[in-house]
Every structure is written in C-alpha cells, then in structure tokens.
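K.L.:
Here it is, the structure in full.
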Amino acid sequence: MVADVLLTHFNQLFCLNDPGHPLTGQEMKKATIVEDGYIAIKDGLIVALGSGEPDAELVGPQTIMRSYKGKIATPGIIDCHTHLVYGGSREHEFAKKLAGVSYLDILAQGGGILSTVRATRSASFDNLYQKSKRLLDYMLLHGVTTVEAKSGYGLDWETEKRQLDVVAALEKDHPIDLVSTFMAAHAIPEEYKGNPKAYLDVIIKDMLPVVKEENLAEFCDIFCEKNVFTADESRYLLSKAKEMGFKLRIHADEIASIGGVDVAAELSAVSAEHLMMITNDDIAKLIGAGVIGNLLPATTFSLMEDTYAPARKMIDAGMAITLSTDSNPGSCPTANMQFVMQLGCFMLRLTPIEVLNAVTINAAYSVNRQERVGSLTVGKEADIAIFDAPNIDYPFYFFATNLIHQVYKKGQLTVDRGRIL
C-alpha cells in the first residue's frame with residue numbers, strides 16, 4: 001500500500017494496543033514507546049506504524065515525506081469535559097475568590113453560573129459562535145483534536161438550543177471534532193428558585209425530547225451538588241434521559257459528597273466528573289459499575305482549594321480515569337490541556353504515561369469515540385499531536401510552555417509551528 005503521507009524518524013511514538021476497554025489500574029502505567037518511529041497515513045487513517053526505515057512499498061511518487069528528528073508524537077489530545085459555549089466572562093469575581101469568598105457563596109449572591117446565564121441569554125448565535133471558535137482554535141494550537149462541549153448556560157429552551165446549535169455548527173466548520181452534551185440542569189434558574197423539581201419536569205417533558213429528535217446531543221449531564229440538584233433529583237432526570245437513549249454523565253462530589261456517585265453507579269453513567277470529595281467506598285462503587293472518573297485538576301487549582309481528586313488512590317484501586325480542562329468562565333477559565341496534563345503530574349502525582357493514557361485512549365472511551373481516535377493504532381484516524389520534545393517525559397518536565405510543533409487531524413496537517421493552516 002502506498003501512503004499519502006509518511007512521517008518518519010520521530011524520537012519516540014507513544015503507542016498502545018487498545019485492549020477494547022478503558023485502561024484501569026496497572027494498565028494505566030503501560031504503553032509502547034517506539035524509538036525512531038514512523039507513521040504512514042492514507043485517506044486520513046493510520047495504515048502503518050514502525051521503527052527505523054519504513055517499508056519501501058509505503059513510498060510512491062506522490063507520497064508526502066516529512067522527518068521529525070528531535071520530536072515525539074502522541075495521539076491527538078482529547079478534552080472530554082468543557083463548557084465551551086457561553087457569553088461574557090467573570091474576571092470581576094476574581095478579587096472575591098482571592099479574598100476567600102467560596103464558589104457557593106458567589107453563586108448565592110447571584111454570581112457564578114447565574115451571572116453567565118444572564119450573559120449567555122443576551123448573546124447572539126454569532127457572538128457565541130465566534131467566542132467558542134476562538135477557544136477551539138486555542139485548544140487546537142495546544143494539541144487537542146476532540147472536545148466534549150456542554151450546554152448549560154441558558155437554563156431556558158431558547159438559549160440551551162442556541163448553545164447546542166453553536167456546537168453543531170462548529171462541529172461542521174472547525175477541524176476539532178465536537179461531542180455534544182445537553183446540560184440544562186447545570187443550575188436552578190432564578191425563575192424556578194425553590195422549585196427545582198418543576199424545572200426538571202420542564203427539561204424532561206419539553207427539552208429532552210426535542211434534543212433527541214433533532215440529534216442535538218449524545219450525552220445528558222447534571223450538576224449534583226449541595227445547593228444545586230440533590231441525588232434524588234439527579235436520578236430523576238438522568239433515568240428519564242437514559243430511557244430516551246442518552247448516554248449519561250454527572251458532575252459529582254466536587255464540593256460535597258451527596259450521593260452523586262450512587263446515581264452514576266446505579267444508572268451506569270459513562271463518566272462521573274470532578275470527584276474531589278469521593279470516598280473509598282464510592283471509588284469501589286464506580287469501579288464495580290465501570291464508570292470512568294473524569295478528573296479536573298485545573299478547577300481545583302483555579303478555586304485555590306487544597307483537595308485534589310485522589311487520582312493515585314483511584315488508579316491503584318483499579319479505576320479508569322481521564323483528565324480534562326473543565327473550561328468555563330468561572331471556576332476554570334482555561335482551555336489549555338497541556339497545563340492540565342502537567343497538573344496531573346505535579347498535583348495528582350501521576351506519571352507522564354498515566355497522564356497520556358488518561359487524555360487519549362481513556363478520554364476517547366469517555367466520549368464514545370474509541371473506535372476512531374484515542375491511540376496511534378492502524379485503522380484509526382490519523383489524529384496526531386507532535387511535540388517539540390526529545391522524549392515523552394519532557395512536555396511534563398518543561399512546564400507552562402506550549403510545546404506543540406504540529407498537529408494532524410484526520411491525516412491533514414492542521415497546525416504548523418503556532419499557525420492554524
């Protein structure tokens with residue numbers, strides 16, 4: 001077979017054999033590091049991988065050849081938890097955070113999510129599209145090729161649908177692949193304050209059926225937290241969403257442990273998000289139910305909290321984990337997955353291999369894209385992040401710098417030395 005593109009002489013390729021399930025426990029610690037590696041691409045797919053000189057049959061007169069001495073290649077990074085589409089920003093809350101005002105106190109004062117809801121409701125489709133596109137561009141420049149994007153800053157049908165429509169438009173227009181999550185249950189809207197059940201009924205009866213019919217989202221999510229939605233309320237919504245055919249995610253155990261993990265395990269959610277306050281018993285429940293733990297260390301960093309999710313304990317117990325940005329305008333205003341990956345080492349005490357497995361193959365399982373992306377594997381799409389680094393450890397050791405040299409998306413050179421092509 002003659003390749004369309006042949007990438008050669010990488011110092012290292014980060015490869016693994018996808019075992020057919022998210023990596024857990026000792027599997028998280030393993031990878032195949034190919035020295036002097038090459039990747040052959042045809043029709044957007046990886047058709048060969050190896051070490052040394054590629055087979056002569058891969059090279060034809062039209063084959064594009066590129067050498068990457070001094071560079072490493074990983075699968076394209078996957079950010080599987082973002083609140084991508086929103087209006088406004090919340091830097092005016094930063095001084096309050098520095099003064100020690102808590103996230104929930106800011107929310108109670110009408111700030112936080114509700115502040116962004118007001119800004120998003122007043123934002124046009126074009127405003128939201130352009131703002132979200134800029135964030136996606138930034139992510140792409142940092143090696144991200146697939147992104148999960150939630151609604152949740154509308155809390156009414158008109159605005160929630162506008163957010164989902166923006167995600168759908170960007171999925172068509174932008175190189176990054178987007179996976180849509182419907183999260184109208186991100187907070188209790190002011191017009192339903194004191195009556196969250198009535199709001200959930202509106203979501204179930206009026207919103208979810210349309211989202212499903214128009215294929216606007218693949219997943220449904222809810223914020224199960226003190227002063228937001230209870231475990232029973234979360235169970236009520238997610239069970240109805242599951243009946244309609246949605247895959248499930250749940251924000252749980254971020255600030256307090258109030259039963260969100262039980263809901264995730266009972267309903268076989270694909271992932272439970274945050275988990276800073278998770279208990280040993282709850283870790284066992286998620287393992288038993290096969291729920292992926294999606295950890296968001298940049299949120300803990302941004303909130304200036306001391307308690308990070310117990311990633312080391314989770315992995316050692318046999319749990320599958322991922323890492324994501326939680327990109328949003330309030331509790332985590334960043335879109336930099338390289339920073340999150342570095343926090344995975346510095347604050348969660350994971351190894352570079354564990355982090356790379358978390359943000360590639362496990363993240364692919366978290367967004368139901370494991371058949372297409374998540375590993376440098378023959379037959380999968382050629383989503384490749386190329387780092388200006390001599391080895392796999394270097395992008396973690398040399399932190400706070402964008403080390404992306406190039407990005408390939410479906411076999412196309414998409415980012416070249418800081419420019420989107």
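A Cβ is built for glycine as well, from the same backbone N, Cα and C atoms used for every other residue.
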K.L.:
Quick check on the annotation: Swiss-Prot has TYR153, HIS186, GLU254, SER331 binding 4-imidazolone-5-propanoate, so which of ARG90, ARG235, ARG369, ARG372 does it put in that site too?
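P.N.:
Site partner of TYR153, HIS186, GLU254, SER331 for 4-imidazolone-5-propanoate, according to Swiss-Prot: ARG90.
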K.L.:
Among ASP156, ASP177, ASP316, ASP326, which residue does Swiss-Prot annotate as binding Fe(3+) together with HIS81, HIS83, HIS251?
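P.N.:
Between ASP156, ASP177, ASP316, ASP326, Swiss-Prot records just one in the Fe(3+) site with HIS81, HIS83, HIS251, namely ASP326.
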K.L.:
Looking only at C-alpha atoms, tell me how far HIS83 (Zn(2+) binding site) is from ASN328 (N-formimidoyl-L-glutamate binding site), rounded to the nearest Å.
P.N.:
5
K.L.:
Any same-chain residues 6+ apart from ARG90 (4-imidazolone-5-propanoate binding site) with CB under 8 Å of its CB? Would you list them in sequence order, or say none?
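P.N.:
Those within reach of ARG90 (4-imidazolone-5-propanoate binding site), by Cβ under 8 Å and sequence separation of 6 or more, are GLY111, GLY112, SER115, THR116, PRO329, GLY330, PRO333.
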K.L.:
Return the residues near SER331 (4-imidazolone-5-propanoate binding site) by Cβ distance under 8 Å, restricted to its own chain and a separation of at least 6 in sequence.
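P.N.:
Listed in sequence order: TYR103, THR299, SER302, LEU303.
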K.L.:
Sorry to bug you, but what's the C-alpha spacing from HIS81 (Zn(2+) binding site) to GLU254 (4-imidazolone-5-propanoate binding site), rounded to the closest Å?
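P.N.:
The Cα atom of GLU254 (4-imidazolone-5-propanoate binding site) is 14 Å away from the Cα atom of HIS81 (Zn(2+) binding site).
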